[in-house]
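Participant: One structure coming up, written as structure tokens, with questions to follow.
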């Protein structure tokens, strides 16, 4: 039999060193090779033209975007080189589009998009929010009132990527507490959700839901640390969101207070998750997304509290196979299976709900 001399498809990828170490590039390379795809690491210190041509670019540029935004000249040059190559090679598919990834870099832009996408949805929303710039109690009070942001609020860094600092947040109970936060920040109304977070991991048409611990319920007028001291000046609660929401988290911030333990936590509907995934993929034209969702304990509505580009996916079984399925579909080599929703538990990794298929394990990792 005559061997095929067809030239293999070439995928160029760029991750920073941290992403390379966490993601398991060797496994990705092996999976690509098994499908007849050559995976090549891009060196942004030399012209990309000298390293191609590429049929597809796979990237995690979030941290580089953040550095460029902070006026880092090397990062700015690298982004410019990447954008230049894309502009000169429209035949090369980019996974995912740089404008969409850049939009998710700033939380206020992300929340603007979410409000627009789900403005007519009766079940899906993003909690009210506003960007705070100044340490002025009176002005901040007017600002929060005019945007319907209510205490307690979660104060988050404006930049959603770029390092550990993107996950450093605070639950704030009054205008005075905002002064303790790093400004500017995004102040978002805190939604009580029974200390349960749903993390949606999206790989093209396939998505998984992993259940994670989350912040306990907080109330205006009740001390945020102890739950039983009614104080005028409540202590701001500082936390790292990636640590709080790990599968094995033992933070006291994730343990419900006694008065909340008898409350009913609304169950999650995979059909609503599917609507969230489908809507955001269409709006952003992206394949690789991490979406954080909470279910409001009072209303049962679904609040989207963060969206990230190219999450870690450590909780997803057969990750590389699913990822290369998406790559293959864009290279027009074959077509992956139709959209699938999957949900897994957080305690022992047992199935929590029903989808057409279910993952086998949950190792627990943040989507950032």
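Each residue's number is its place along the chain shown, starting with 1.
The backbone N, Cα and C atoms fix where each Cβ goes, and this holds for glycine too.
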Participant: Among 307-337, 338-368, indicate the range for which TrEMBL gives the feature region 'Disordered'.
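Facilitator: That would be 338-368, per the region 'Disordered' entry in TrEMBL.
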Participant: What binding-site residues in the list 107, 188, 190, 192 lie within 10 angstroms of residue 199 (1D-myo-inositol 1,3,4-trisphosphate binding site), counting C-alpha atoms?
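Facilitator: So the list is empty; none.
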Participant: So of all those binding-site residues, 19, 167, 308, which one's Cα sits nearest to residue 214 (ATP binding site)?
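Facilitator: Spatially nearest to residue 214 (ATP binding site) by Cα position is 167.
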Participant: Taking the residues 19, 60, 167, 199, 308, 312 listed for 1D-myo-inositol 1,3,4-trisphosphate, what is the greatest CA to CA distance in Å, to the nearest whole number?
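Facilitator: Roughly 19 Å, rounded to the nearest whole number.
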Participant: 10 Å Cβ neighbour count around residue 292 (Mg(2+) 1 binding site)?
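Facilitator: Around the Cβ of residue 292 (Mg(2+) 1 binding site), 22 other Cβ atoms lie within 10 Å.
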Participant: Should any of the binding-site residues 188, 190, 192, 194, 196, 198 have a Cα within 10 Å of the Cα of residue 308 (1D-myo-inositol 1,3,4-trisphosphate binding site), which are they?
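Facilitator: Near residue 308 (1D-myo-inositol 1,3,4-trisphosphate binding site), where near means Cα within 10 Å, there are no binding-site residues at all.
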Participant: Do you know offhand how many angstrom separate residue 306 (Mg(2+) 1 binding site) and residue 107 (ATP binding site) by C-alpha?
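Facilitator: So the alpha carbons of residue 306 (Mg(2+) 1 binding site) and residue 107 (ATP binding site) sit roughly 8 Å from each other.
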